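Colleague: Quick paste of what TrEMBL says about this protein:
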DOMAIN    72-245  domain 'Inositolphosphotransferase Aur1/Ipt1'
TRANSMEM  12-28  transmembrane segment
TRANSMEM  35-55  transmembrane segment
TRANSMEM  104-123  transmembrane segment
TRANSMEM  135-152  transmembrane segment
TRANSMEM  181-200  transmembrane segment
TRANSMEM  207-224  transmembrane segment
TRANSMEM  230-250  transmembrane segment
Amino acid sequence: MSSLPNLMLTWRQALVVGCLLAAVWLLLRRRRPGLATFSREAAIVAWLFAIWQVLQQVTSDAGGDAIGRAEWIARVQSDLFLPNERTVQDLILGHSGLVRLANVYYASMHFTVMGIFLVWLYFRHHRRYPEVRTVLALSTLGCFVVQFFPVAPPRLLPGYVDTAELYGQSVYNAGFSVDNFGAMPSVHVLFAAVVGWYAWQVSTSPWRVLGPLHFAVTVFVVVATANHWWLDGVVAIAILIGCAWLRRAVLAAWRRRHRGTVVGPVAADASHVA
């Protein structure tokens, strides 16, 4: 069976791209400060992506009873009266076009939409960009800490359909650096929640509804393709909320500690870093 083409940068390529962007920042920071600042932020994103790739490889080798944990999650969800993931799958399994579209959405849209969102945020709502970047980095790191306890996705258990494998669209056959047992928590849901929440919060445009819509579609897709359990998304959102609170608490404590001792521009710089 054919598979989706692997267009994702490796960690080495992302590291090189980040270094090149950092060099642009150093060269232009006096002559073109606006472009230089954008290059610096793009370099940070590239380096974070490289770290993400490395952590994917580390957590994929963590070992452990991934199937057993998945079965335990299924029992907990049943006790909580959450709908079975297979019932969601049944909504699309009879429609091959929808299944293929869901597979492509799962494989590609989390990074694509996040990239577009970050560029839009940087240029249209620049003052909020450092906050979102920091929360995104912290919450992604938090997700990977949890992934040291591997959990199998529903598609690897009996009774569920691996829709991507069924139609030859599996990212696991395309050379992607992805963890086959990294279902808990869902980074897809995390990224979509970041886009959905902050797009709605920072914008007043009618188009801001696209953020929450992307979140809703992502939650449906990750379940319908049997790549995640409901609780994978719940835990991801809990991590996001915790990291957003942590950033705000640390920044507030820093400001209280330095109140009256830091001049305005320096204090402003601190908020841009965070």
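Here the Cβ of each residue, glycine as well, is placed from N, Cα and C on the backbone.
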Colleague: Counting Cβ pairs under 8 Å to the transmembrane segment (135-152), which of 35-55, 104-123, 181-200 comes out on top?
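Modeller: Result: 181-200.
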Colleague: On the 0 to 100 pLDDT scale, where does the domain 'Inositolphosphotransferase Aur1/Ipt1' (72-245) sit on average?
Modeller: 92
Colleague: Below 8 angstroms Cβ to Cβ, which residues of this chain, lying six or more residues outside the transmembrane segment (207-224), approach it?
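Modeller: For the transmembrane segment (207-224), the nonlocal Cβ contacts are 85, 88-89, 91-92, 102, 105-106, 109-110, 113, 117, 163, 186, 188-189, 191-193, 195-200, 230, 232-233.
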Colleague: Taking the transmembrane segment (230-250) as the reference, which of 12-28, 35-55, 104-123, 181-200 gives the largest number of Cβ pairs under 8 angstroms?
Modeller: 181-200
Colleague: Residues sitting near the transmembrane segment (12-28): Cβ under 8 Å, six or more positions beyond its termini, same chain?
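Modeller: Cβ under 8 Å, 6 or more out: 35-37, 39-40, 42-44, 46-47, 49-50, 53.
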Colleague: Short question: which residues 6 or more past the ends of the transmembrane segment (104-123) have a Cβ under 8 Å from it?
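Modeller: Distant contacts of the transmembrane segment (104-123): 4, 8, 38, 41, 45, 129, 132-133, 164, 169, 171, 187-188, 191-192, 194-195, 198-199, 202, 211, 214, 217-218, 221-222, 225, 227.
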Colleague: Residues sitting near the transmembrane segment (35-55): Cβ under 8 Å, six or more positions beyond its termini, same chain?
Modeller: 9-12, 14-15, 17-19, 21-22, 24-25, 27-29, 118, 122, 129, 133, 137, 140, 144, 177
